[in-house]
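Enquirer: If you scroll down you'll find the structure; I have some questions about it.
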Amino acid sequence: MAAPSPAGGAPSHAQSSLPSLPAHLQSDTHLTAHLASRFHVGLPTARLSSQALISLNTYTTSTKGPDGGKEGSAMGEAEDLAKRAFTRLGARGENQAVVFLGESGSGKTTIRSHLLSAFLSFSSTPLSSKLSYAAFLFDTLTTTKSLTTQTASKAGLFLELQYDGSSSVNPTLIGGKIIDHRLERSRITSVPTGERSFHVLYYLLAGTSPAEKAHLGFDKAVHVSTSSGAIGHKRWRYLGHPTQLKVGVNDVEGFQHFKTALRKLEFPRSEIAEICQILATILHIGQLEFASGQATTTHAEESGGYSHEGGETVTIVKNKDVLSIIAAFLGLSVEDLENSFGYRTKTIHRERVTVMLDPKGARQNADELARTIYSLLVAYVIEAVNQRICAAEDSVANTISIVDFPGFAQACATGSTLDQLFNNAATELLYNFCLQSFFDRKADELEREEVSVPATSYFDNTDAVRGLLKHGNGLLSILDDQTRRGRTDNQLLESLRRRFENKNPTIIVEGSKRTSLISQNARSAFTVKHFAGEIDYSVNGLIEENGEFISGDLMRLMKSTKSDFVRELFGQAALQTVTHPKEKTAIMQAQVSSKPLRMPSMARRKTSPSSRLAFDAGDADEVESQAESIAKDSSSGRRKSAMLTSGIQGAAGQFLSSLDIVNKCLSSTNLNPYFIFCLKPNDRRIANQFDSKCVRAQVQMFGIAEISQRLRNADFSVFLPFAEFLGLAEIGNIVVGSDKEKAEVVLDEKRWPGNEARVGSTGVFLSERCWADLAKVGERVVPVYAADMSDEGGDGLLHPRSTGYGDSKVRLLNPADQSPGAFIYGDEAKQGYFGSRDLDGRSDAGNSAFNSGDMFRNHETREQMLEKGNEKKMEEVDDAPISGSRKRWIALVYLLTFYIPDFAIKLFGRIKRKDVRMAWREKFAINLIIWFSCGVAIFFIVAFPGLVCPTQHVYSAAELSSHNGKDGHSSFIAIRGVVFDLDKFMPGHYPHIVPESALKKYAGVDATGLFPVQVSALCQGKSGSVDPMVLLDYRPTNISGSATTISGTDTNSVYHDFRHFTNDSRPDWFYEQMVMLKANYLKGYVGYTPKYLNTLGKKSQSIGSINGKVYDLTSYIAGGRLTKAPPGETVPSDVDTDFMDNSVVSLFQSLPGQDLSKHWENLKIDPALRRRMQLCLDNLFFVGHVDTRNSAQCEFARYFILAISVLICSIIVFKFLAALQFGRKNVPENLDKFIICQVPAYTEDEESLRRAIDSMARMRYDDKRKLLVVICDGMIIGQGNDRPTPRIVLDILGVPESVDPEPLSFESLGEGQKQHNMGKVYSGLYEVQGHIVPFLVIVKVGKPSEVSRPGNRGKRDSQMVLMRFLNRVHYNLPMSPMELEMHHQIRNVIGVNPTFYEFILQVDADTVVAPDSATRMVAAFLNDTRLIGVCGETALTNAKNSAVTMIQVYEYYISHNLTKAFESLFGSVTCLPGCFTMYRIRSAETAKPLFVSKEVVDAYAEIRVDTLHMKNLLHLGEDRYLTTLLLKHHSKYKTKYISSAKAWTIAPESWTVFLSQRRRWINSTVHNLIELIPMQQLCGFCCFSMRFVVFVDLLSTVIQPVTLAYIIYLIYWLVKDTSTIPYTSLILLAAIYGLQALIFIIRRKWEMVGWMIVYLLALPVFSLALPLYSFWHMDDFTWGNTRIITGEKGRKVVISDEGKFDPASIPKKKWEEYQTELWEAQTSRDDRSEVSGISYGTKSYHPAQSEYGFPGSRPMSQLDLPRFGSRMSLAPSEMMSRHADMEMENLSHLPSDDAILAEIREILRTADLMSVTKKSIKLELERRFGVNLDLKRPYINSATEAVLAGAL
């Protein structure tokens, strides 16, 4: 107000109104100085009349003035402004608005809270409390701590207080509304250094109880001790640096307030818990760690692996525990969630493409999920709050609006250019509105009323606002348009340059029109001259960021959620979805709305014509229509579903429309605006410091000096018509004259200054002060209700925030406590929206447990949620009969695994599904069988010979003599038939004085004579004792001549003679010595063969054997019994020397040299005597053991092993011979058979694909007779690729992007509805190095509903596309639309009848074939008409890339040249590798289908793959299974290998991929051979035929680990005992590898010598590690969700979560019918068939056809073939089918196709056909219709062609 200057004595700083300062002080510098003088005395505010407030942030308190009260403080001024606004609201019925302007850190949020507190204090309803909570929730969710402030707002706020019109004195508050604008989503995942993310995330982390932390997964945080010993915090990626967890914000208290606010706003407790879970989920998403891995597990939807054999590089989550927490809270399957991070589906060139992401891409995907969830949560909470506080629109009479957008951003802290641009655009608009309010609008009013005031110059930012925000061609509109059109960032830059260059000075795009690539990269930015300074905005990534599209993958994933709350989050109106035009249920992508869900209450009301400053009716209509559309969205509560062509807005378009509404609401006639300029006193956040330079810059920026000057000239805020003015003045009839004269009299009386009161032509202009004086508003009482007033519930009112950055202790229960609300506003002892009464002053029943205990107490546990999320919705799809063989196998499985209970598998194996547990049992049973087989093999190799012929440790006389210690031999010695190790004994011989040389002379001899024995000590005789004087003279005459014997007269014998007659009698000495020697030095026994014993018997030797022991009684019988008495004694006469029983002696005498065992048993003697006689025999007459080493059983054991070895050796020899017989190479003649060359492509790179395609195109085979067919499995961009695989293939083949055929339906291999697939067919000619080859490309694109991996079904499905097509061609069966199109392209375009093709060559996309390979294979087929399949030799191209590839080189070589060559001898190669094989399509003589016969195709197309056996057949080794099917169903035909056809492929380079590949091969081998063994007609001569080959292959696969064990056993044997060398085994090994070596030597493959050595070193890997790993991981699959369960009455039912497939959904018809319709359509001059559902193209046949079916004059390599002919469709479609993919525009303003066609005919009727062009026709049409027809260009072009060709 231009109040009078303060009294002369008053200091200058006492003047609060800047316009009241003298004119010489109205400059930026002087005003800044005045603000400084006020700031330094504690008055941080000033006024610009009554319309604006200037507030300086003191960084201390906002509640204390100079005297300690609130007078003069920011809070006091805010309350004063609120009081004035409220008064005007009541007195004049005007809407009020308070607009905040200021930089970040200037205290806007704080002043806003004071202002809201003041407004709410004028009402006594409980609604005031709710509005307070609502504002707090908004701040909690959208404010953060920045470098400049603790409370930086990061979302635009339009807060509306709603009043009814029942009282003109005190309007009643009836509701409120929070309208949020554009949350800074990028902050969630990108927290700037030194700043925080949104406060609520920190509250959650700090404020939850231990029990809640455990539930939310926060308890697993690892606390790391820092160097100072303090406990550091776990680093949360989304919370910035750990130091930001402790920055003076009371997060613990904040969380309690957060929960209290939600509860007071009537959020159910379960919902509060869900909200907390979602917030925790966001934090956990930030913790996910991604890594690259190999997809070594076969996926359920795969119909077979590619050449990389499951080695596809995929992205995996490393910390699965965190992943499971996220999955539980989102109600999702862990597996689905992990997979969703690894890929992203995009729309590129109107095609849906799945991009396989690397870990970096997966991180970005996870970040997008976090941003999306948080944005949706904020939208949900705000909308839920609005539903609780908003009044019915019709009951709202007036509103007070508080508008606070984030401050101007000089830089984008989070890296988001889009957020910075939106921020600054909004600030620019609000500042422009401020200028309009002070300058332009008032000038217009004054001019209308013929009041003249001096003009004031000011900085006008209208150019910037128009440049940024103008509809249609403003910067944001252009950005949105370019996003919608799918343009690039540089194209956007070029569009901006064209629009603004030399047209708008505020937007500068540097660079010329032809900017070079270097300069584009150097400066891809544009500059905007804002009122606050110039800002450069980078365009890099701006288009994509503006799209803000949520991928369809995420929407599809969330569709499967089991959480009702998450479903509600993703089902709200804030999420707009884009559905496919042809399938409304298929969500292509979605978008979180960047505009608010609600509109200002006044926005929908048209302003009355009588209002001042009315904007035009068009604006009103526009605002109304926007309001209605948004209201419709929010009221329905459903997602707004938009078609792909419906023009869904990008973020810029939405933000622009919301700003437009804000502007028009603020600019409406019945609204009075106030402005609060918030200034920073310095840039360093230092309390009570005033930086004049900093403040002056802000004063200049906001043009405060110009505004002040304007107010000095014209401070008019109220316009009163004369009648109203005079009524208020109450002058009655005192003054006579016109109303104008009366008004002038009143003004003269009032003596108001001229800048505050002027009379116009129809009324009076007044300032707010003058109006207040006139209307006596000072007499009105504005009630202010105490903060501790209770609401109806009795709770203390949560009063709006009353302090901002001060330390007022008002309303605190305990001044010592931390003030409620201080947690969010940074400084000490602060109070926020909450008064402390409410926090803990009184607890609601049960609330204490909720606040301090566990809010999840009655909630589902995380484990329950996870289990729920992993469940799939299943439905019955089919019956599943169980075969008899399957039942028998299951019985055997249970027999082998019955001891493992089901619950144990479920508990320890964590296998919940019954069918997967059954598979585990099957796997375990198979492993048991394999292990048993290995055990049997080991038994026969090692144990069987030992059982049949036990090992004997015996030495014949000759063998004993050889151990004489000479020539390196060991030294043995024999004593009484026992052989000892003399070498070992000699070092320990006692006494030591005897030299070893003296002992060595006894080596190799029988030294029994050296050891005389005491007979009485060793034998008890017949009676139980023998006289000690009896001696036995022992002479070992039986082995004389073989080994030297030592006689008893040897000089050394006296040292061992301790018999009774000696002086030193030791009866037991010999026995003790023998016990000691046997224990330490025993080597064996002297051996006597039965033959040698017989010989000795014939020589009158009394020798025989009993139970294997040999006894010699010759010396006893021959009188060797003596007696001798000790010295001095005589021998008694009655000494009996016959101590042996006569019957025993006579036994040896009568049967010398024989086995006496049975006779011994039959002797008629008592047991005691038998025991005594046995003792005497063992101690005195034992001479050795019977040597049975050459017996019959031992010979059998030896020759049995030899026979097996010979058998194996013979197989090896046969393999060798088989390899040799294929040595001759013949060069076949030129052949004229038609062949198809098929290449399945998945995610290979361009180099691999080009190599494969080029090698097939360059094959030396007639180009006309080969057809190159490439089948692309899905729209997928592999890791490392920049385009989807189909696009790479089409680019290689030269098909332009403009060619876009219609996708057509066909059957696929998949579960449920995935059996319905769609594909595009391209054809043309490929030209390379002089070869021109016709090609057909089939791209599987999937149904519109397929969001992730569209069209992808696996390699087997790719093979089936061609097999099923050829099958239907040969059987003349009805075909699917895509097959009809294939038939049409091959027959009518390429010009070959599909039945002509006889052979199909299947090559993988990473395989290169030799130029002559096809010729050699076809020659082999022609030579043998009984041949059905032929494979060639495959070598490696990456042999030296890694150790893993090096060990495979030799193995690849021998697997072909030995194994396959051997199998080929019998015409039964059991595995024709899919990477390089040719098949016979039909028989040569009868044209009977072979490869594509009904039986083979039906069996190979098996969809129900739900058992372990079928999984291994069809998911692991589909190539081998295809061979198995050919051998089963065409048993009279042969499969062969020819070494002359060569190809080169890429082997796995990493261990994981190699392991996965071999697991597939080994397991599929086992299961396929099991399939083959029961086959009939497989036996040949002596069974040496295919069945034998199959059995040998199966056995060798199963017992592979044993072969290595055997080799190790041999090595151990050799090392252990060098004396016995197993020559047979060594010869066998030498034969195995020697013959292999001979093969490559004969073929001069010298390099194979080195590779063979490498292979031998890797033998443990191939023979042991790989088989064992493979057998145990036989059930390692992703099992999918189709399974068999037991239904009613035991019926086996197939259930699936993919839905039931309806075969009728794919229409089929025979080729003849289709061809007839095609011909009729070509001749009927009609472009549509309403009956058949076939839409036709516009090109007719060319009369001059080449041999390919092409026009002869046209360049073949550039044919635009897909536009020719017909396109099948499920319904009649418009010509060219491209209208569905047009730009997303509203086509209603365009002329109809019929109208365009009529005009085209008219133009062509009169045009010169020699000069007319399509472009000229389009221009003429645009002239005639008066509209732009760019969107109709495809139709115009095609219709023009059709008219010219006569088709229309």
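In case you wondered, yes, glycine gets a Cβ from its N, Cα and C as well.
Swiss-Prot lists these features:
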- Gly102, Glu103, Ser104, Gly105, Ser106, Gly107, Lys108, Thr109: ATP binding site (BINDING)
- 1-17: compositional bias 'Low complexity' (COMPBIAS)
- 1-779: domain 'Myosin motor' (DOMAIN)
- 952-1040: domain 'Cytochrome b5 heme-binding' (DOMAIN)
- Asn1038: N-linked glycosylation site (CARBOHYD)
- Asn1063: N-linked glycosylation site (CARBOHYD)
- Asn1423: N-linked glycosylation site (CARBOHYD)
- Asn1457: N-linked glycosylation site (CARBOHYD)
- Asn1563: N-linked glycosylation site (CARBOHYD)
- Asn1786: N-linked glycosylation site (CARBOHYD)
- 659-683: region 'Actin-binding' (REGION)
- 889-909: transmembrane segment (TRANSMEM)
- 928-948: transmembrane segment (TRANSMEM)
- 1200-1220: transmembrane segment (TRANSMEM)
- 1595-1615: transmembrane segment (TRANSMEM)
- 1621-1641: transmembrane segment (TRANSMEM)
- 1648-1668: transmembrane segment (TRANSMEM)
Enquirer: Give, as a single whole number between 0 and 100, the mean pLDDT over the domain 'Cytochrome b5 heme-binding' (952-1040).
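Expert: Averaged over the domain 'Cytochrome b5 heme-binding' (952-1040), the predicted model reaches a pLDDT of 81.
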Enquirer: Do any residues, 6 or more residues outside the transmembrane segment (889-909), come within under 8 Å Cβ-to-Cβ of it, and if so which ones?
Expert: 917-918, 920-922, 924-925, 928-929
Enquirer: Considering only the glycosylation sites Asn1063, Asn1423, Asn1457, Asn1563, which residue has the minimal Cα-Cα separation from Lys108 (ATP binding site)?
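Expert: The answer is Asn1563.
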Enquirer: Does Gly105 (ATP binding site) have same-chain partners at least 6 apart in sequence with Cβ under 8 Å from its own Cβ, and which are they?
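Expert: Spatial neighbours, sequence-distant, of Gly105 (ATP binding site): Asn57, Ser146, Leu147, Thr148, Thr149, Ala152, Gly407, Lys680, Arg685.
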Enquirer: Taking only the glycosylation sites Asn1063, Asn1457, Asn1563, which one has a CA atom nearest to the CA atom of Ser104 (ATP binding site)?
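Expert: Result: the closest of the glycosylation sites to Ser104 (ATP binding site) is Asn1563.
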Enquirer: What three-state class does DSSP give Gly102 (ATP binding site)?
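Expert: The three-state answer is strand.
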Enquirer: Excluding near sequence neighbours, so keeping only residues 6 or more apart in the same chain, what lies with its CB under 8 A of Asn1423 (N-linked glycosylation site)?
Expert: none
Enquirer: Residues other than Gly102, Glu103, Ser104, Gly105, Ser106, Gly107, Lys108, Thr109 within 8 Å, Cβ to Cβ centroid, of the ATP site?
Expert: Asn57, Thr148, Thr149, Ala152, Gly407, Cys678, Lys680
Enquirer: Is it possible to get the count of other C-beta atoms within 10 angstroms of the C-beta of Gly102 (ATP binding site)?
Expert: 25
Enquirer: Fewest other CB within 10 angstroms, which one of the recorded positions Ser104, Ser106, Thr109, Asn1063?
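Expert: Sparsest of the recorded positions Ser104, Ser106, Thr109, Asn1063 by Cβ contacts within 10 Å: Asn1063.
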Enquirer: Can you tell me the CA-to-CA distance separating Asn1457 (N-linked glycosylation site) and Thr109 (ATP binding site), as a whole number of Å?
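Expert: Given the Cα positions, Asn1457 (N-linked glycosylation site) is 82 Å from Thr109 (ATP binding site).
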Enquirer: Over the span of the region 'Actin-binding' (659-683), count residues by DSSP class, listing helix, strand and coil in order.
Expert: 8 helix, 9 strand, 8 coil
Enquirer: State the Cα to Cα distance, in Å, between Gly102 (ATP binding site) and Asn1563 (N-linked glycosylation site), rounded to an integer.
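Expert: Cα-Cα distance, Gly102 (ATP binding site) to Asn1563 (N-linked glycosylation site): 71 Å.
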Enquirer: Within its own chain, what residues at least 6 apart in sequence put their Cβ under 8 Å from the Cβ of Asn1563 (N-linked glycosylation site), listed in sequence order?
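Expert: Set apart from Asn1563 (N-linked glycosylation site) by at least 6 residues yet with Cβ under 8 Å, we have Asn1512, Leu1516, Gly1517, Ser1670, Phe1671, His1673, Met1674.
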Enquirer: Tell me the Cα distance separating Asn1063 (N-linked glycosylation site) from Gly107 (ATP binding site), rounded to the nearest angstrom.
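Expert: Pair distance, Cα basis, whole Å: 125 Å.
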Enquirer: Whole-number Å only: compute the distance from the Cα of Thr109 (ATP binding site) to the Cα of Asn1063 (N-linked glycosylation site).
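Expert: Taking the Cα atoms only, Thr109 (ATP binding site) lies 124 Å from Asn1063 (N-linked glycosylation site).
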Enquirer: Can you check which residues sit near Glu103 (ATP binding site), meaning Cβ under 8 Å from its Cβ, same chain, 6 or more apart in sequence, and list them in order?
Expert: Thr148, Gly407, Phe408, Ala532, Cys678, Lys680, Gln698
Enquirer: Neighbour count, 10 Å Cβ-Cβ cut-off, for Gly107 (ATP binding site): what number do you get?
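Expert: Other Cβ atoms found within 10 Å: 27.
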